[in-house]
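Heads up: the structure comes next, in structure tokens.
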Amino acid sequence: MEKTFLMVKPDGVQRAFIGEIVARFEKKGFQLVGAKLMQVTPEIAGQHYAEHKEKPFFGELVDFITSGPVFAMVWQGEGVVDTARNMMGKTRPHEAAPGTIRGDFGVTVAKNIIHGSDSLESAEREIAIFFKEEELVDYSKLMNEWIY
């Protein structure tokens with residue numbers, strides 16, 4: 001089953017959106033298989049944002065993601081990567097549709113509440129950065145037979 005990595009960023013944690021975000025993905029029918037509240041270190045941030053290392057905003061990305069706790073999650077389900085991207089909304093909150101997480105709660109590009117993997121490959125890489133294999137729980141959810 002497909003997995004994706006999602007992270008409530010420091011602004012989303014401080015604004016108390018963890019429960020709202022988890023509820024949206026559960027109501028959609030996805031299965032939470034890993035989650036933790038954590039402080040991102042500069043080393044982890046560097047790995048996570050490696051593709052932006054040469055860009056002028058790299059330092060700002062690292063500073064922000066390390067500025068407070070984040071809530072890291074792994075979700076599982078059919079089409080979860082693409083569906084999660086749609087549920088999050090466009091990166092720029094003012095362009096995100098109402099009803100999406102960023103459309104409802106985002107204010108600026110820098111503080112847009114949530115990060116989500118943009119492909120299966122990114123999901124695999126990001127899950128490996130933030131979670132050890134033993135931190136992911138594979139279990140049967142009775143609801144799945146009603147969804148898939």
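Note: Cβ is positioned from N, Cα and C throughout, glycine not excepted.
Keep in mind that what you see is a predicted model, and the values were worked out from it rather than measured.
Copied over from Swiss-Prot:
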ACT_SITE  H115  active site, pros-phosphohistidine intermediate
BINDING   K9, F57, R85, T91, R102, N112  ATP binding site
MOD_RES   T91  phosphothreonine
MOD_RES   S122  phosphoserine
How many whole Å apart are the CA atoms of N112 (ATP binding site) and the residue listed as 'phosphoserine'?
-> 19
Look at the recorded positions T91, N112, S122 and tell me which residue has the greatest number of other C-beta atoms within 10 angstroms of its C-beta.
-> N112
The record names K9, F57, R85, T91, R102, N112 as the residues that bind ATP; what is their largest Cα to Cα distance in Å?
-> 22
Tell me, by DSSP, whether F57 (ATP binding site) is helix, strand or coil?
-> coil
